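> Dumping what Swiss-Prot says about this protein:
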- 1-12: compositional bias 'Basic residues' (COMPBIAS)
- SER15: phosphoserine (MOD_RES)
- 1-38: region 'Required for nuclear location and interaction with MOV10' (REGION)
- 1-34: region 'Disordered' (REGION)
- 138-178: repeat 'WD 1' (REPEAT)
- 182-220: repeat 'WD 2' (REPEAT)
- 250-289: repeat 'WD 3' (REPEAT)
- 338-375: repeat 'WD 4' (REPEAT)
Amino acid sequence: MARKAVSRKRKASASPGAGSDAQGPQFGWDHSLHKRKRLPPVKRSLVYYLKNREVRLQNETSYSRLLHGYAAQQLPSLLKEREFHLGTLNKVFASQWLNHRQVVCGTKCNTLFVVDVQTGQITKIPILKDREPGGVTQQGCGIHAIELNPSRTLLATGGDNPNSLAIYRLPTLDPVCVGDDGHKDWIFSIAWINDTMAVSGSRDGSMGLWEVTDDVLTKSDARHNVSPVPVYAHITHKALKDIPKEDTNPDNCKVRALAFNNKNKELGAVSLDGYFHLWKAENTLSKLLSTKLPYCRENVCLAYGSEWSVYAVGSQAHVSFLDPRQPSYNVKSVCSRERGSGIRSVSFYEHIITVGTGQGSLLFYDIRAQRFLEERLSACYGSKPRLAGENLKLTTGRGWLNHDETWRNYFSDIDFFPNAVYTHCYDSSGTKLFVAGGPLPSGLHGNYAGLWS
């Protein structure tokens, strides 16, 4: 048998023409050689390799986006709450994730702190003071905004004086500088327009443009190396612009919220007189347009969805979607079904818009389907029955409420106060949602913070 196999091999190799074609289909090694010879030269080229890799990456990116979109759609119905104990702090107004386990928060009682979501540990951060202390201590204002720059190397928030802008370096939270000569009233909102420039919106109706220069950063590093106590610079604004004031109610032109469109370098602003303003924001601020909002009561929150090119504005009971390229009569609005309590926070994640209300609810709006996510029918024993078609709604826990003199005099007959969702933010994975706030009535003192995952 061995000699016979050898003779066939010799015969096949001796007849490379027709004999090879006849025997090729019967022997794997002849067939594979034949296939290799037929590969076109272009498939071995660098150009073909790069094109193939590009197509593969596009397919992987498309698949990844589909996966993230599906996760964003399914996640809200799976979220479970874990509350944190914040002691006697009063109302968390602002929050941002620093990393996968730390969230930085600002409160009405002017406290800046970091919470570890794994251990629940609270670490307070020293707030930065003006060059010259103000003559009057302002009560009941606090820290309303916290924002990280695009590279996540700097953090902007309010200072000890709520009219001032404070800048910290990340991840150490070392102080860098204070902008303390701009606004005459509280800072309500902040937006970074690049890695070194931020805009602040104030209750005095002005918007300040601030720059953290390389010189400021270098001097800040040098001071930290030689001084045992925190030291920081004091900077002045590059520009200070007033928003247009409505003739009928000029005293209510307070800048309440900001959101930046990085692609077009445009900054959206919402004022409490019910207007949306659009500014070109690069090295200065140039007004582009102002438009009256369809629902103009309690416009206190704003977010920009880059993928959808729309701004989402919260009001007393509605979320309105504005595309500055479209006429104002094309503005679409959806009702939260929680009239009177107000939309207190709003954010985009994939195609889902998360809405936090004054009644302690989290609602989820699907911008593609143009409807709120609905409850799933649960077949679990003992679960609370839900009606088909009900909006999916997550409700915050009890938090902590101070039974002080105000509560005893005016609210002691009310057993439970919902905690308004003043702030919420997703982590980088989109699977954890930090939610915080406190009681809605301004005279009540309390807090709430929780991780939904």
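Heads up, the Cβ atoms here are built off N, Cα and C, so glycines get one too.
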> By DSSP, how many residues in the repeat 'WD 2' (182-220) are helix, how many strand, and how many coil?
7 helix, 18 strand, 14 coil
> Let me know the model's mean pLDDT on the repeat 'WD 1' (138-178).
93
> What does the DSSP secondary structure composition of the repeat 'WD 3' (250-289) look like, as residue counts for helix, strand and coil?
3 helix, 25 strand, 12 coil
